[in-house]
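Straight from TrEMBL, the features:
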type	residues	note
SIGNAL	1-17	signal peptide
DOMAIN	46-190	domain 'Cupin type-1'
BINDING	Asn88, His93, Glu98	oxalate binding site
BINDING	His91, His93, Glu98, His137	Mn(2+) binding site
Amino acid sequence: FILILVLIFACFQIAISGDADIISDFIVPPNVTKVDGKLFTFTALRSLVGAKPPVSFTASKVSMAEFPALNGQSVSYAFLQYPAGTLNPPHTHPRSAELLFLVDGCLEVGFVDTANKLFTQTLEAGDMFVFPKGLVHYQYNNDPKNLAVAVSSFGSASAGTVSIPSTLFTTGVDSGILAKAFKTDVATIEKIKAGFA
């Protein structure tokens, strides 16, 4: 009987692993005293309009952390700029799928499923691509001259991002463990770690 209860509880936990449903129209952040249209307006991306393109990959996030009115709304956003030859390195979003819309340029995109199958596609302006929730994925602008620009939406106010390279090589994971995992030597791992310093 106890095992059945544990299994039911475990299934219930899995069923509610996304953003929590709210019972009101919206959640007012604790520091807000006046609720008006300003609460629901995010203006930080104005600085991107007419600005010079960045020199490295740039993700301008609009999640609950940057825009508190998203709390409880199960949605967030990112504006992505890929100068020529740049990469959004392999990463995951543990709490959401990502729907990418390519506004300008071309991108090579891909993700790896749980059977270790790689799915890739070359996108052109106007194309959309979905990265399933929690799967490792990347985007690469292999155009040697032109900027690529994309907008991504997420089904969570806080999708989270786990960057695979920085998670492995900048967080203090023992070099011996990484050497064994990558079937190489500690010196090679140390060189990789030094590249992130």
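Glycine is no exception: its Cβ is also placed from the backbone N, Cα and C atoms.
Apart from His91, His93, Glu98, His137, the residues listed for Mn(2+), the same chain places the Cβ atoms of Thr92, Phe111, Phe131, Leu135, Val136, Ala159, Thr161 within 8 Å of the centroid of those Cβ atoms. Residue counts for the domain 'Cupin type-1' (46-190) under DSSP (helix as H, G, I; strand as E, B; rest coil) come to 24 helix, 57 strand, 64 coil.
Contacts of His137 (Mn(2+) binding site) defined by a Cβ separation under 8 A and a same-chain sequence distance of 6+ are given as Pro90, His91, Thr92, Glu98, Val109, Gly110, Phe111, Val112, Phe131, in order along the sequence. The Cβ of Asn88 (oxalate binding site) lies under 8 Å from the Cβ of Phe57, Ala59, Leu80, Tyr82, Tyr138, Gln139, Tyr140, each of which sits 6+ residues away along the same chain. All chains included, 25 other C-beta atoms sit within 10 angstroms of the C-beta of Glu98 (oxalate binding site). Apart from the site residues Asn88, His93, Glu98, the chain places the Cβ of Ala78, His91, Thr92, Leu100, Phe131, His137, Gln139, Ser152, Phe154, Ala159, Thr161 no farther than 8 Å from the centroid of the site's Cβ atoms, the recorded oxalate location.
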